[in-house]
Every structure is written in structure tokens, then in C-alpha cells.
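K.L.:
Provided herewith is a single structure, encoded as C-alpha cells, for subsequent inquiry.
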Amino acid sequence: MSVNRVLDLIKENDIKFVMLKFTDIKGKEHGVSLPVSLVVDDLEALFEEGKMFDGSSVEGWKAINKADMLLMPISETAVVDPFAQIPTMTIRCSIYEPNTMQPYDRDPRSIATRAENFLKSTGIADSVMFGPEPEFFLFDDVRYATEANNVSYKIDDIEAMWNTNRKYEDGNNAYRPLKKGGYCAVAPLDSAHDIRSEMCLIMEQMGLIIEAHHHEVATAGQNEIATKFNSLTLKADETQIYKYVVQNVAIAHAKTACFMPKPFAGDNGSGMHCNMSLSKAGKNIFMGDKYAGLSETALYYIGGIIKHAKALNAFTNPTTNSYKRLVPGFEAPVLLAYSASNRSASIRIPAVTTPKATRIEARFPDPMANPYLCFAALLMAGLDGIINKIHPGDAMDKNLYDLPPEELQDIPAVASSLAEALDALSTDFTFLTQGNVFSKAFIDAYIAIRRKEVERLNMTPHPVEFEMYYAYSGLK
């Protein structure tokens with residue numbers, strides 16, 4: 001989209017404010033809104049010179065004595081915000097150093113762009129396509145406390161299995177998905193069909209292509225909206241739009257959207273399966289005559305992901321809550337194996353109706369991942385596998401959940417905690433720094449930020465500890 005087209009959109013939609021958006025290390029969006037009069041007076045200058053902001057107020061970025069940074073808008077990302085009451089356009093930005101006018105090494109979007117550029121520089125492929133599948137819950141009520149004398153949380157939803165015996169003013173209709181019983185449910189079990197449909201329509205307004213939507217497996221309102229694949233950085237942009245739309249439509253319906261991987265115990269958590277393929281000169285180079293219609297290149301790509309999986313977990317599963325999902329028994333892909341159409345493996349090769357749709361699916365990522373960092377890290381691991389010819393070994397076509405202990409012991413697993421993932425990243429990071437895609441300074445800053453989360457949780461007493469230990473303290 002040209003600068004002139006941005007100006008046309010402003011005029012066509014009577015835009016009053018332009019919000020410049022950017023994403024921090026953890027994946028949280030930030031924005032600053034400019035009066036449209038200020039923007040249109042010199043639109044080209046905004047795109048060439050950027051907008052100064054305080055980088056020291058963003059966790060993990062600048063020190064206060066070196067705080068000035070630039071928001072550099074990307075004209076192609078301009079879109080009208082459908083939720084703003086005052087007509088507003090949003091433009092996504094990369095972060096630049098004002099002294100050098102170069103991309104900031106800790107800016108997630110710039111990291112994603114560098115990953116795509118590195119791919120091209122290798123000559124392996126021209127482009128990488130990503131098709132993430134973020135799942136989410138829609139709750140009616142969420143409350144939590146983190147006080148010194150009260151640590152608790154409570155979730156409720158009209159669909160929750162624990163409400164079968166609850167008294168409602170208008171009566172309890174008793175229609176709700178039970179444990180692991182919600183997959184592709186229809187009304188009246190599925191209470192959110194129209195909400196998801198509204199989300200889809202708004203996503204389409206904002207440039208996403210919708211493929212399907214449905215109720216997911218878990219009780220208490222688990223949902224998924226499937227969107228069409230796109231190139232790495234653009235799909236990361238779209239994933240941020242996806243979350244923004246889901247959250248805001250939910251609020252409009254007196255609901256609250258949750259992207260935490262495991263908001264409550266006893267049922268499936270939410271994942272973000274990531275489909276990937278590489279293309280060169282318009283040809284999908286993952287299709288071939290090897291296992292499940294894959295090429296040797298695709299197998300090496302899988303090998304790289306499996307080799308670096310625990311380090312990848314720091315980006316693909318970046319929260320302490322992530323590892324409450326990555327446990328056996330709830331369709332979580334904890335074993336590092338690959339297989340065709342086998343959803344118990346961490347790497348799946350989906351069945352396709354045409355070879356050009358050949359792809360691999362990494363099933364362990366979750367929707368708390370920063371999409372720019374998650375996608376870039378997966379690509380870099382896969383490329384390391386191709387460059388160094390890392391073969392993943394034989395496929396595992398058995399149901400991995402049913403394997404006896406003697407067979408399980410030979411299959412590696414994903415990290416069992418965020419601490420383990422961060423430890424892995426601290427020693428296994430050189431595949432990420434190839435081509436200066438990720439800087440060592442960024443990796444160190446990222447690890448430091450996430451370790452604080454681990455430390456906070458480790459120092460906080462948990463209600464389950466009271467259940468297990470309180471009545472037994474001091475007893476003989």
C-alpha cells in the first residue's frame with residue numbers, strides 16, 4: 001500500500017486519529033494516537049522519519065538515559081479500527097534507533113523481518129508461509145487475587161461443566177459441553193456461534209481470510225477461528241489483529257477472552273498449532289517422495305525443530321502457565337516425534353488433497369507466544385536443520401499416548417517447565433543468531449524477563465499447597 005493509498009483511506013473513512021501500534025518482547029501491543037491533521041500535513045515525513053517515543057517505559061528495552069526510540073510506520077499495515085467510536089486508523093510499526101536509523105535489535109517485528117531476509121540469503125527458499133491456529137476461551141466472569149493473605153482465582157461461564165446443578169433465575173437449560181465433549185458442538189451446546197461469526201466478519205474487514213470457525217474440545221467456552229496462511233511477518237501481524245478482534249468482540253458481548261494455555265485444570269488447554277512450508281520460485285519445496293509426501297528438505301526442517309525444541313519452547317511456550325498444558329492426557333503434544341495425521345506427535349504432517357499444500361505442523365506452541373518471535377525462532381531452527389542436514393529419524397505412527405514406558409524412554413520430550421526452557425535457550429542459541437536475526441543481547445534480555453516470572457511464581461504459596469499440607473503441619 002502506497003502512502004497515497006493511506007491518505008485515500010483517511011479521506012474515505014473520515015479518519016480523525018491515526019494510532020501507531022507496536023509489539024513488545026512479551027507480545028503485548030502498545031499504541032500512540034496522532035490527530036489526523038498532524039498526520040496528513042506531512043504524511044511522507046511520518047513514514048520516512050517516524051515518531052519518537054520513550055523506549056525506557058517498555059520492559060526489556062532501553063535504559064532511561066538512552067530512552068529515545070523511533071516508531072517507523074509500515075504503510076502496508078494501515079487499516080481502519082472497527083472498534084474505535086471516533087474514526088481511527090491503525091498502522092503497525094517497526095522500532096528504529098534514532099541515531100543510526102537502523103531497526104532495533106530487540107524489536108520483535110524487526111526480528112521477524114530479519115528471519116525472512118536470512119531465509120532468502122541462504123538460497124534455500126524465497127518465502128516461508130505460516131498458518132497458526134490460536135485457540136481461546138470465552139468466559140462470563142474471571143476474578144483473581146494475589147494479595148499477601150489471599151491467592152486465588154475463579155472462572156465462570158454459562159457453558160462450564162460445573163454449572164449443571166447451578167440455579168439460574170430463568171432456569172438451568174442443562175445444555176453444556178462436558179469434559180472433553182465440546183469439539184465442533186452446535187447450538188444449544190455451543191453458545192458462542194454468533195459471537196465467533198461476528199469476530200470472523202470483523203477480521204475480514206481488517207484483511208484476514210477466514211477458513212472456518214468452531215467450538216473446541218474443552219468445556220467452559222473453548223473456541224477456534226481458522227485463518228488462511230501468510231508470509232511470516234505478515235502472519236504475525238495478522239495474529240495480533242486476531243487477538244485484538246477476539247478480545248474486543250468478547251467485551252462487546254459481556255464476555256472476556258482468554259488466551260492462557262491452561263486457565264483451569266481437568267480439561268484440554270489452548271494451543272496454537274503452527275503450519276509451515278517453504279517455497280522457491282513459486283514451488284513448495286516441502287513436497288517430495290519421502291515419508292508422507294515430504295521432501296528431504298522438509299525432513300531436515302523437522303530435524304532442526306526437534307533438535308532445538310527445548311530452546312524453542314522459551315518462545316513457543318513462553319509462560320509458566322504454558323507447561324500446565326504440556327502434560328500427558330489432554331491432547332498436548334509433549335513427545336518430540338513426527339508422524340502423518342497423528343495428533344499425538346509434536347510434529348504432524350497433515351493430510352492434503354493436493355501436493356502443493358504439503359506442510360508440517362508444530363503442535364506444541366500456544367497462543368501466549370509472541371507471534372513474531374515464535375515464528376522467527378521456528379524458522380531459524382528449521383533452517384539450521386536444512387543447513388546441517390539434521391535428519392529426524394524414523395516417523396512414529398503409533399498413538400504415543402498409549403506407548404509402554406520402555407518405548408517412551410527413547411523418545412525426547414519438550415521442556416517440562418519455563419525454567420527448563422530458559423536453561424536450554426541459554427546454551428542453545430547460536431542457531432538463532434545466524435545472520436544476526438536474534439542478537440545475543442536480545443536473548444539475554446528475554447531470558448532475564450521470563451526468569452522473573454518463574455521466580456515470582458516459585459516464591460508465591462499456592463492454594464493447592466494448603467490442601468496438601470496445611471492439616472498435616474506439625475502433626476505426629
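Even glycines carry a Cβ here, placed using N, Cα and C.
This is the feature table in TrEMBL:
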DOMAIN    13-100  domain 'GS beta-grasp'
DOMAIN    108-472  domain 'GS catalytic'
BINDING   Glu133, Glu216, Glu224, His273, Glu361  Mg(2+) 1 binding site
BINDING   Glu135  Mg(2+) 2 binding site
BINDING   Glu211, Arg343, Lys356  ATP binding site
BINDING   Asn268, Gly269, Arg325, Glu331, Arg343, Arg363  L-glutamate binding site
MOD_RES   Tyr401  O-AMP-tyrosine
K.L.:
Considering the binding-site residues His273, Arg343, Lys356, which residue's Cβ sits among the greatest number of other Cβ atoms within 10 Å?
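P.N.:
Ranked by Cβ atoms within 10 Å, first place goes to His273.
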K.L.:
Relative to the Cβ of Glu224 (Mg(2+) 1 binding site), which residues of the same chain, six or more apart in sequence, are found under 8 Å away?
P.N.:
Glu133, Pro134, Glu135, Phe136, His213, His214, Glu216
K.L.:
Just report the maximum Cα pair distance in Å for the recorded ATP binders Glu211, Arg343, Lys356, no decimals.
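P.N.:
The widest Cα-Cα gap among those binding residues is 22 Å.
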K.L.:
Under 8 Å Cβ-Cβ from Arg325 (L-glutamate binding site), six or more apart in the same chain: what's there?
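P.N.:
Looking at Cβ-Cβ distances below 8 Å from Arg325 (L-glutamate binding site), excluding near sequence neighbours, one finds Pro261, Lys262, Gly269, Ser270, Gly271, Asn317, Ala332, Asp366.
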K.L.:
How big is the gap, in Å, between the Cα of Asn268 (L-glutamate binding site) and that of Arg343 (ATP binding site), rounded to a whole number?
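P.N.:
That comes out at 14 Å between the alpha carbons.
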K.L.:
Is Glu224 (Mg(2+) 1 binding site) helix, strand or coil when read with DSSP?
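P.N.:
SS state of Glu224 (Mg(2+) 1 binding site) = strand.
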K.L.:
Select the most exposed residue of Glu133, Glu135, Glu211, Glu361, where exposure means the fewest other Cβ atoms within 10 Å, treating these as the binding-site residues.
P.N.:
Glu211
K.L.:
Could you break down the residues of the domain 'GS beta-grasp' (13-100) into DSSP helix, strand and coil, giving a count for each?
P.N.:
22 helix, 36 strand, 30 coil
K.L.:
May I ask which of the recorded positions Glu211, Arg343, Arg363, Tyr401 is closest to His273 (Mg(2+) 1 binding site) if we compare their C-alpha atoms?
P.N.:
Arg363
K.L.:
By Cβ count within 10 Å, point out the most packed of the recorded positions listed: Glu216, Asn268, Gly269, Arg363, Tyr401.
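P.N.:
Answer by Cβ density within 10 Å: Gly269.
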K.L.:
Going by Cα-Cα distance, which of the recorded positions (Glu211, Lys356, Tyr401) sits nearest to Arg363 (L-glutamate binding site)?
P.N.:
Tyr401
K.L.:
Looking only at DSSP and grouping its letters into three states, which state does Gly269 (L-glutamate binding site) belong to?
P.N.:
coil
K.L.:
Over the domain 'GS catalytic' (108-472), what does the predicted model average in pLDDT?
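P.N.:
Result for the domain 'GS catalytic' (108-472): average pLDDT 95.
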K.L.:
Reported as an integer number of Å, what is the Cα distance between Lys356 (ATP binding site) and the residue listed as 'O-AMP-tyrosine'?
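P.N.:
It is 31 Å, counting Cα to Cα.
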K.L.:
Would you mind reading off the Cα separation of Glu211 (ATP binding site) from Glu361 (Mg(2+) 1 binding site), to the nearest angstrom?
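P.N.:
So the Cα of Glu361 (Mg(2+) 1 binding site) lies 17 Å away from that of Glu211 (ATP binding site).
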